[in-house]
Amino acid sequence: EFEATVSLREEKFSTIVTEEEEDEDPEKQKETEDDDGQEKEVSEIAEEEDQDSSKTSPSTVVIEVRSEEEEEEEERRLKEESEERLRVLQQHLLSKRREEEARLKEESLGSLEELKESVRREREMQQQKIRDEIEVMIKELRITQEEERAAAQGRLEAQMKQDLERLRADSEEELQAERRRLLREQEEKLSCLKQELGDVLQKVRQEVQCDHERKLEQLKEDHSREMNSIRERYAKEEGALRESLLHTLQEDRELLQASHTVQLEKLRLQLDAQMQKAPLAHSDKAADPKTTRKMLREEEVDLDAQIEALPRLVQERDQLKEELKRRTEEVALARQLTIRAREEKKEAMERMREKRDKARVETRRAMEDKEKLEREVLLLKEKCDHFSQQVSEQKRTEGGSSSSQTEQSRKQPTAPSSDWIDSSLHTDDLDDAPLSPAPDSHGGMDRYRRYVSSHDAAIQKAKLLLEWENTRLMERRAALKAVQRGSSQEPHLTGETSRTLQQEARDLAELEQTVQRGNSLLQKTEEHLQQLESSMAEELLLDDYSQLAGERKVTFDVTESDGGSSSNLEPPDGTGSPPTVPAKVQLLAESLQHISSQLNSVLVSREPPRTSSTADGARYFLVWRWVRRRDQIQFCWF
């Protein structure tokens, strides 16, 4: 609009100048014609006088002599009159010319002033409009940044306070409940146990309590370290972002102000110089129309130069707009980085929750194992009391027959209640069991023990492998989500890239199903292994006490693992031997073998993705490139 207005002003000014020149030409022609007419009249009068003088005859010489004085007077009078008329005419022409020149000068000056004023107003309007737009955009960006920062800081502080309070309350409540329960159980059961069993139980309780306290302290330390690292990282990130944004905005504002002041000062100096030169030039050259026209042409050239400078100003304005747009994009990128840091904080909180839940599960398992050990101790106590009663009864009935003694000795192993005997172990099996162990039975139980220990080690390795796969799966899923978000913001991606991303999503879904299946099989394996250990321990206890002939030495072997704790009873260094392998243990071992084979098949069937094809190679290249770029951004940012 400004350029169109300037072009219209130029056309109007050119038409005014041409019209003035056309008006000046007829007036000058008229003046020259009037001067020529006056000169012709004077010449005609002189010729008539000459002719009159030539026509006089000799007879009129006397008359001429007489009238010579009169003629001279008449001629002088006519000459004075003609000079007077010529002088009046010249004055009239001069005044008319001056009036016309003054009118032309006033009109040209007025049109020039109007054009200058319109150009100045347009320029000031454009500059003011640009300044207003820039100030409004800067204010909006500053307001949005402050609002987002305040909202994010408030949410993070509230969430951190809630998490800390909840975790502190849960930890204190669980710790107090655990302490009360342990103290109550100790007070109830320590008085009932024998000295040897009480020492063992006290040792187990102390180990469990120490382990529980150690895990709680470790969890608290991990949580505090994680929260401190997150708080410091977020504070550093926020401070760096705030300083960079303020620094860039301040630099942009200073640059804009400096450029605007320089341009305005140049234009003001030019206009002042032109305004100072214009009156002097007009006063010096007012008498000459050609000089006036030349001056007007020079001013027109100056105006053309100013008009040519307008595109440069417009270009500078566009550059400023582009710079402002780039700054806006940088602010948006900083906002995305803040959101990404918030997501990383959420992931860290999730990992902390998972660690806390895992610690709780381990604590619960330890408590269950402790309770199981206590139940087994109670069982041993009851059996010892029962055997003591049977021994005292046997001593009282010493005078009986040998057959009754044999029958009584054979019935004593079957005296315990059926609640403590497994359904798979019948009375016939106990009666038919040999008193001295067979070599193959001892080797079978040892083999099952080695089998259980090997499975425990294999479970630990499988657990590590599945954890590694789960971590890798989460990283790949995060990379895929980031690439998908980037592709949604970039619509110019090809169809092959979208197909690659879809294939990557399908592969991740299959891998997730495989990992879930492996976790479920691993849980089943741990459960069967625990059942096998408990069954072996129960069978050993029952068989050992069924063959008890004297005092027994009871020792507990408490081992901690992810699957739980197991207790074993060692036979005394006497003539007793381990019993035969029962049917339940064999069934559990077979089931454990079957589940282990399934777990091995799942772990073996999980192959890493190949990048031989073009699509797979492009997919992993995209994901790798994004992850590398993300790492670089995060490194530069933090």
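Heads up, the Cβ atoms here are built off N, Cα and C, so glycines get one too.
Annotation source TrEMBL lists coiled coil at 501-542.
The compositional bias 'Acidic residues' annotation in TrEMBL covers 18-51.
Per TrEMBL, the feature compositional bias 'Basic and acidic residues' maps to 75-85.
According to TrEMBL, the compositional bias 'Polar residues' annotation covers 411-421.
Taken from TrEMBL, the feature region 'Disordered' applies to 1-85 (among others).
Same-chain residues lying 6+ beyond the ends of the region 'Disordered' (345-365) with a Cβ under 8 Å from its Cβ atoms: 156, 163, 167, 174, 178, 212, 215-216, 218-219, 222-223, 226, 230, 234, 562, 564-565. Marked as region 'Disordered' by TrEMBL: 345-365 (among others).
For 388-447 (among others), the entry in TrEMBL reads region 'Disordered'.
Feature annotation from TrEMBL assigns region 'Disordered' to 557-582 (among others).
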Structural state census, the region 'Disordered' (345-365) (DSSP three-state): 21 helix, 0 strand, 0 coil
Secondary structure composition of the compositional bias 'Basic and acidic residues' (75-85) [DSSP: H/G/I, E/B, coil]: 11 helix, 0 strand, 0 coil
